[in-house]
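Here's the structure we're looking at; comments come further down.
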């Protein structure tokens, strides 16, 4: 660092300073300013400047800061104007001529009992019958949803296992939570085998794991965390392939774009923002901030051109990626509890939302109206997913059970 | 005395520099977001609607699936003859 041309510091941000000999003044500054983490960047900046230069640079940072702030405000206004210009009609107006949906009846067809505490997350296997679920009691269970039998059970070293996912091959599950990690457990056909022995730790965050998902193969996992970041990991080596920074608070959920539409995913967080990311570059491509509270769940529309979100502000919203704006809000005055999880039916016409008032509301995506309300759970609905063939969906709840609805 | 003042000055400049860095990132991101192409909501909405209509028949929850094909619906009871 001392001898190299300092066009790049540790994070490659500070540019254009000249290397100078260290003086005692600089050393003292360095020691004192290296203590706070954020000072590391500027601490190295300090090494390479002398007092006379600092006097002239005194004016520069403030001016540039002001200019940048002004540009930032201009750009934000421009973005709002651009988005507003294209807002020529509402989705439900376009959908006025579409036939309304008939009476919609769905019932609980199976109840999966076995967890000792709140069910926090679940995922379907591609074989359309197996389900993995995770709970506050630290257990991860693999069920056969047709027979309601438990096929595997793993006890995690932590409570609050907030995330779980089935591998595309059906041969492994991933899970994590308060242990700040995402671990992969290969599933063996031998029911007596201790799954915990073959556990592989893949992801390491600095705060709780809120969601995880395999990408198109068993080889990569995408995670989101309370530390405000998302990350892409190689399962075999545990190596971090890409990290995604941009949320200002805990990231609570993520969803991968349907494979036909390319390498992007959407994440939602406690900063009320939903961000769309490019998986290869790590860049945030689009950002949406219209919710009034934490976004608990995000899910892509089946075509990949839009996504829905569920939030603590008691609304679900639909954002269109090509129009770059919110195009629908699903809410009612009578719904005052947060939506914890959302998913679409296969055609995208129906949006299922699990809420903290123990119900599941079914929305007509195009018309913006509620089609049905499903009762059954005896506590908050925490997780909800459509089966891979679209014939049913599964909901998990704080009442310790999972229900299959069809 | 001079050292003390320089020390304080450097604290001020330090926070200024890290703000500068953060600000540059924000502006870069905003520039990128402002440059993307957008379509009108009427066009986007029409496409969403078209997708729903095209796939409605393949959506089991919309069309309703009979007991024989939906594994979760109650099966007819088998009786031994």
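Glycine is no exception: its Cβ is also placed from the backbone N, Cα and C atoms.
Among the ranges A:5-26, A:27-48, the stretch that TrEMBL annotates as transmembrane segment is A:27-48. The average pLDDT computed over the repeat 'WD' (A:341-373) stands at 97. If you look at the repeat 'WD' (A:374-406), the same-chain residues 6 or more away from its ends with a CB under 8 A from one of its CBs are 106-113, 115-128, 131, 133, 135, 143, 145, 297, 340-346, 352-362. Shown for the repeat 'WD' (A:112-153): DSSP residue counts in helix, strand and coil, namely 0 helix, 25 strand, 17 coil.
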